[in-house]
Amino acid sequence: MSQQTSNKPTVKLNFKALKIKEKVTNWYVKATESKWTCFFIITSIVQSIIAIVMEIIIVERNENASWEFQVQAQNDTCISYSVDRINNIYGENIIFILFNIFQVWFCFNAIVNQNTIQIITIAVINYLIGIFGIIQIVEIEKWKKTAIENCNLSSFDSYDLQIVSHELPLIILSLLCATLMGFLTWKLYQAFGWNIYKKIGADPKMQGIYRTMLIFVMLLKLDLFFMIVMSIEVCTVFKVNEQGARNLSAPLYVIHAVVTGSLFLLQTLAYRSLNKESHLGTKIFIGMLPLVIADFIMLLVKSTTASKQDSWYFLIIYIISGIIMAILTFIWAIFLLKNFDKGLKKHLCQMNLDVSPYDATSETHSTGTRPGSPIRWAIDDDD
């Protein structure tokens, strides 16, 4: 009896190692399933590497411009204001770098899980990156103009920001990659659409339910960047009870900090509720999202009521994106709740039967699960 007990941890560890190996193998098979999946992932990786390098060069340019300005300026007050604003631009640069890393994971995840909705979204997102490049031009030009006006520093007007050699190549790269991704998206949509058809069947109603689930899962992934990262960014740039364009009273700051922390819990709740088709958990998730939306709207109002000189366009657009994502997630959570108990769980269970780590008998392997144990189902296709 004691020997059987002592063997359990070893069996469990070996089973976990086997599952990890199977998962990695499955990822590799999905990623290399066709030349189109390979091209898609390679394009994403190459684009992100080049974009990150370009962004680092832009950061270096911004540092040089800020240093040159401080050398020429004499007024400590205007220097302080200029430094605060250039620090905001550094924040934009860091977020853009993080977004490119996120984009690689998002692309790989879409291929591995054969999420056609997610793949289509990637093509759209790549065009949005080009728009971000334009925003960077506006922000750095505005910083230079404001710095000259506040410090009466006409000599700094001759400083060349080298927009053509910095931001412009990044915009062109984003648009070219977005166009290429659009072509690859069409090829993958045809292939993955057929795979889903074989798994789900020809029932249009079931396909619609499955598509709703894919959209909801995709929105949760996008929420990681457009809601959680945005909320953390706000916590770092907004000050408490201070004078300036971006400040919050202590109660409002605490409320936002609580909302930011709750976003992690809401993500976990959403996945678990979907995993179990939990009506209660999904209703709690739906009930909490309006509070998040209200918090984001409060931040938007605070950001847009600043003077024209103090306006930070990037943050305003980022907050608006977070509000849109929260609203879309709220709507699709309602759609998802209405689709519970309509047969989707049965289809996914059949595709994702787990072997219990505590029962290595032939009976367990033949059935795919231990008698009496709950069946786990994946919310991302075969992953």
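In case you wondered, yes, glycine gets a Cβ from its N, Cα and C as well.
The feature transmembrane segment is assigned by TrEMBL to 36-59 (among others).
Summarising the annotation, TrEMBL assigns transmembrane segment to 94-112 (among others).
Outside the transmembrane segment (119-138), and at least 6 residues removed from its termini, the chain residues within Cβ reach (under 8 Å) are 40, 44, 47, 51, 58, 89, 92-93, 96, 99, 103, 106-107, 110-111, 163, 167-168, 170-171, 174-175, 177-178, 181-182, 185, 188-189, 192, 218, 222, 313-314, 317. Per TrEMBL, transmembrane segment is recorded for 119-138 (among others).
With a threshold of 8 Å between CB atoms, the same-chain residues lying at least 6 positions outside the transmembrane segment (168-189) that come near it are 36-37, 39-40, 43-44, 47, 50-51, 54-55, 58, 111, 116, 119-120, 122-123, 126-127, 129-130, 132-134, 136. The transmembrane segment annotation in TrEMBL covers 168-189 (among others).
Sequence annotations record features per position, and here TrEMBL assigns transmembrane segment to 209-232 (among others).
The transmembrane segment annotation in TrEMBL covers 252-272 (among others). Below 8 angstroms of C-beta separation, residues 216, 220, 223-224, 227-228, 231-232, 234-235, 238, 240, 278, 281-282, 284-285, 288-289, 291-292, 295, 298-299, 333, 379 of the same chain, each at least six residues beyond the ends of the transmembrane segment (252-272), sit close to that stretch.
For 284-301 (among others), the entry in TrEMBL reads transmembrane segment. Within its own chain, the transmembrane segment (284-301) is flanked in space by residues 227, 234, 238, 252, 255-256, 259, 262-263, 266, 269-270, 273, 316, 319-320, 322-323, 326-327, 329-330, 333-334, 337, which lie at least six positions past its ends and keep a Cβ under 8 Å from the stretch.
Long-range contacts of the transmembrane segment (313-337) within its own chain (CB-CB distance under 8 A, at least 6 residues past either end) are made by residues 88, 92, 95, 132, 135-136, 138-139, 212-213, 215-216, 219-220, 222-223, 226-227, 230-231, 233-234, 237, 246, 270, 274, 279, 282-283, 285-286, 289-290, 292-293, 296-297, 299-300, 303-304. The transmembrane segment feature in TrEMBL is assigned to 313-337 (among others).
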